[in-house]
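Asks: Pulled these features from TrEMBL for this protein:
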type    : residues                                                                                                             : note
BINDING : B:LEU85, B:SER86, B:PHE113, B:PRO114, B:THR115, B:ASP116, B:THR155, B:ASP184, B:HIS187, B:TYR209, B:TRP239, B:THR265 : pyridoxal 5'-phosphate binding site
MOD_RES : B:LYS210                                                                                                             : N6-(pyridoxal phosphate)lysine
Number of protein chains: 2
Amino acid sequence: MIDFAATKALFHIPDGVIYLDGNSLGAMPKSAAARAKSMISDEWGEMLIRGWNDAGWMEQPKRVGDLVARLIGAAPGTVVMGDTLSIKVYQALASALEMNPDRKVVVSDNGNFPTDLYIADGLIKSLDKGHVLKTPNPEDVESLIKEDLAVLMLTHVDYRTGRMYDMKRITTLAHEAGAIVIWDLAHSAGAVPVDLAGCEADFAVGCTYKYLNGGPGAPAFIYVRPDHAKTVRPALSGWLGHAAPFAFDLEYSPAPDVSRMRVGTPPVIQMTVLEEAMKAWDGVEMADIRARSIELCDQFIAGVEASCPMLELASPRDANKRGSQVSFRFENGYAVMQALIARGVIGDFRAPDIIRFGFTPLYIDNNDVDGAVKILAEIMETCAWDKPEFHKRNAVT
Amino acid sequence: MIDFAATKALFHIPDGVIYLDGNSLGAMPKSAAARAKSMISDEWGEMLIRGWNDAGWMEQPKRVGDLVARLIGAAPGTVVMGDTLSIKVYQALASALEMNPDRKVVVSDNGNFPTDLYIADGLIKSLDKGHVLKTPNPEDVESLIKEDLAVLMLTHVDYRTGRMYDMKRITTLAHEAGAIVIWDLAHSAGAVPVDLAGCEADFAVGCTYKYLNGGPGAPAFIYVRPDHAKTVRPALSGWLGHAAPFAFDLEYSPAPDVSRMRVGTPPVIQMTVLEEAMKAWDGVEMADIRARSIELCDQFIAGVEASCPMLELASPRDANKRGSQVSFRFENGYAVMQALIARGVIGDFRAPDIIRFGFTPLYIDNNDVDGAVKILAEIMETCAWDKPEFHKRNAVT
């Protein structure tokens with residue numbers, strides 16, 4: 001069992017703050033600044049160009065990838081870090097479409113984070129080969145898993161509601177229909193157990209600045225199923241995905257594994273802070289994180305529903321269908337969230353009416369949940385939410 | 001005139017090191033570590049998610065872009081930071097090809113840095129529309145500027161030899177032939193004067209970890225000529241290039257300017273270190289940097305040629321045709337560079353036989369040049385470079 005008091009002590013939470021927005025930007029590990037300083041002064045400053053070898057910068061994207069892999073049910077050597085989640089979505093989808101050249105349908109859902117849809121749309125326009133992107137309601141996705149489906153590209157946990165797909169079931173259905181499956185784990189990695197290998201998912205991508213606490217703009221990750229990793233053609237064929245980058249060959253020849261999904265020079269400072277942040281996961285099992293996450297989310301739901309009758313639960317009540325966040329709908333959600341933040345309870349608002357709270361067991365405990373419920377209840381009680389003049393004052397423009 | 005002793009004092013150079021590899025990874029500004037620490041502790045740690053607005057993280061890629069713009073002859077608001085140079089090459093080329101849809105020839109050269117060629121090759125394979133990438137010798141490029149040329153994509157300063165194209169002349173020729181022109185400024189930004197606006201170049205890309213000293217993996221930049229920036233379709237259509245990212249629209253609508261070339265969440269820690277490093281350029285004019293660079297390079301060439309007759313100058317002797325580096329050819333160049341590095345003179349080796357020295361006026365002075373020449377001469381004199389047994393011992397495997 002995890003000593004959650006000990007993991008909480010690894011993070012800095014500002015005085016007076018209850019931080020329920022780790023699903024957007026994770027809190028700062030207390031050791032992050034010192035590690036950045038030592039990397040900059042002792043590695044960049046002293047080793048200069050030699051740091052690429054002597055400080056292990058060149059291998060870092062795979063080394064850190066292995067740390068992430070353990071949390072998402074992926075074997076060592078199947079995950080590599082780099083770029084942003086948007087870029088990784090592009091890489092995965094471009095490769096996936098080439099693997100299924102005779103099919104033209106890409107299915108996602110209208111609850112997906114917009115960048116995934118934008119990237120897919122842009123790629124489809126570039127290719128100009130008649131692909132179609134379909135974005136049904138999440139509950140209608142299964143009905144579109146048919147013989148014309150080229151690629152199913154879904155975000156496992158919905159960024160607004162926390163609704164979570166059954167990854168195993170959906171992947172199996174899509175494979176049975178002959179489709180390639182890409183999972184976006186932005187709200188899953190470090191939040192809920194994921195078993196990529198067990199699901200036989202083809203590709204997965206995700207970011208590390210949410211539940212993995214890598215800092216703003218921390219590098220993304222990409223997983224490629226090992227059998228595909230030897231054969232997929234990288235659309236973004238940069239030199240660090242080459243089998244021998246420092247041979248400076250004029251011809252591109254991809255690395256024999258997931259490293260072919262590397263593109264350009266990795267952001268070493270940012271990657272080093274992420275590597276430091278990953279130490280918080282030493283010895284942590286996702287099953288324990290999950291149990292604690294469900295406890296915290298259920299506690300929050302019960303508390304809010306008991307004290308804030310105007311708020312409507314937007315997340316699945318069934319914990320098995322929910323990630324590590326809880327969302328409520330309220331017409332004046334934006335104003336409620338501003339009031340909460342002013343009182344030190346930081347969550348966030350997603351248009352048009354969602355207030356969203358992330359629960360990160362590494363640093364959120366039962367007292368935080370109670371405190372957040374209490375303040376939310378006070379705000380809901382003391383503000384005249386049902387008065388027309390309030391609506392006018394707080395209208396979101 | 002620049003006070004070069006003052007700019008040199010801004011950088012940390014390790015004891016006993018003469019650092020002539022700033023064309024690969026620039027030296028560390030002394031203030032970098034403290035700025036990273038304050039950004040992490042005071043912004044990420046204390047502001048948490050609010051840092052995107054309160055600390056100006058969201059606008060940083062354009063703010064820093066303006067600092068770079070001044071050094072490359074670009075107007076404010078025409079450069080944006082992000083991703084890696086490889087990604088920016090992809091974006092520029094993808095947009096450029098769409099601007100010239102009836103032409104299928106892309107010309108670069110066989111001295112271009114391989115990632116540019118790999119990226120072009122990968123994009124052409126993805127598009128599958130019959131494009132051809134031609135890579136003539138640099139001196140033959142002009143002969144391929146013809147009516148079938150879609151895009152001319154060149155690196156301004158050759159990474160091995162330092163040979164520099166006449167940007168104005170080549171751009172004009174290509175435009176007269178109806179082609180789009182992309183310049184890779186990896187070895188130009190902060191190294192030589194560039195006048196993108198004056199040349200009417202269509203796109204330019206570059207990195208900031210060389211002469212701009214942003215640290216290993218610092219973000220890249222992209223310039224789009226203002227008239228194009230309103231109309232080009234971004235191939236990598238990520239959410240932060242959207243006109244209104246936080247509206248979370250399902251449809252992509254690009255930002256009205258170069259911001260449409262933003263893709264995903266920017267690496268804020270890395271960007272902040274770069275922004276700090278850019279302070280060294282306050283009040284620095286590229287014309288003064290250029291004069292000093294030529295002085296240092298000419299001094300180095302004269303010194304080496306006077307004392308190392310076995311080394312053959314690989315860079316143009318005419319300073320007007322050379323960037324801010326000097327390269328020599330030598331069969332045992334790898335071993336020579338290893339010996340130099342062991343004596344504290346850090347340059348680098350590029351296969352098959354190039355030893356390469358970068359001169360960065362902000363922190364390299366005449367004493368450094370004299371010191372490097374002296375040590376190189378000693379190594380060339382004392383090693384039995386002409387003896388067969390030496391070749392055997394030092395063979396590059």
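Glycine is treated like the rest: Cβ placed from N, Cα and C.
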Asks: Among the recorded positions B:LEU85, B:THR115, B:THR155, B:HIS187, B:LYS210, B:TRP239, which sit with their Cβ under 8 Å from a Cβ of chain A?
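Replies: Cβ contacts with chain A under 8 Å: B:LEU85, B:THR115, B:TRP239.
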Asks: If you measure B:PHE113 (pyridoxal 5'-phosphate binding site) to the residue listed as 'N6-(pyridoxal phosphate)lysine' at Cα, how many Å is it?
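Replies: If we compare the Cα positions of B:PHE113 (pyridoxal 5'-phosphate binding site) and the residue listed as 'N6-(pyridoxal phosphate)lysine', the gap is 14 Å.
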Asks: Where B:HIS187 (pyridoxal 5'-phosphate binding site) and B:LYS210 (N6-(pyridoxal phosphate)lysine) are concerned, what is their Cα separation in Å, rounded?
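Replies: So the alpha carbons of B:HIS187 (pyridoxal 5'-phosphate binding site) and B:LYS210 (N6-(pyridoxal phosphate)lysine) sit roughly 7 Å from each other.
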Asks: Suppose we draw a 10 Å sphere around the Cβ of B:HIS187 (pyridoxal 5'-phosphate binding site). How many other Cβ atoms does it contain, all chains included?
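Replies: Result for B:HIS187 (pyridoxal 5'-phosphate binding site): 26 neighbouring Cβ atoms inside 10 Å.
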Asks: Which three-state DSSP class does B:THR155 (pyridoxal 5'-phosphate binding site) fall into?
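Replies: Its secondary structure by DSSP: strand.
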Asks: Report the same-chain neighbours of B:TRP239 (pyridoxal 5'-phosphate binding site): residues 6+ apart in sequence with Cβ closer than 8 Å to its Cβ, ordered by sequence.
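Replies: Residues satisfying the criterion: B:PRO245, B:GLY264.
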Asks: Within 10 angstroms of the C-beta of B:LYS210 (N6-(pyridoxal phosphate)lysine), what count of other C-beta atoms is obtained when all protein chains are considered?
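Replies: There are 27 such Cβ atoms around B:LYS210 (N6-(pyridoxal phosphate)lysine).
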Asks: Through the lens of DSSP with three states only, how would you label B:THR115 (pyridoxal 5'-phosphate binding site)?
Replies: helix
Asks: Tell me which of the binding-site residues B:LEU85, B:THR115, B:THR155 ends up closest to B:LYS210 (N6-(pyridoxal phosphate)lysine) in space, Cα to Cα.
Replies: B:LEU85
Asks: In sequence order, which same-chain residues at least six apart have a C-beta under 8 angstroms from B:THR115 (pyridoxal 5'-phosphate binding site)?
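Replies: The answer is B:LEU85, B:SER86, B:VAL89.
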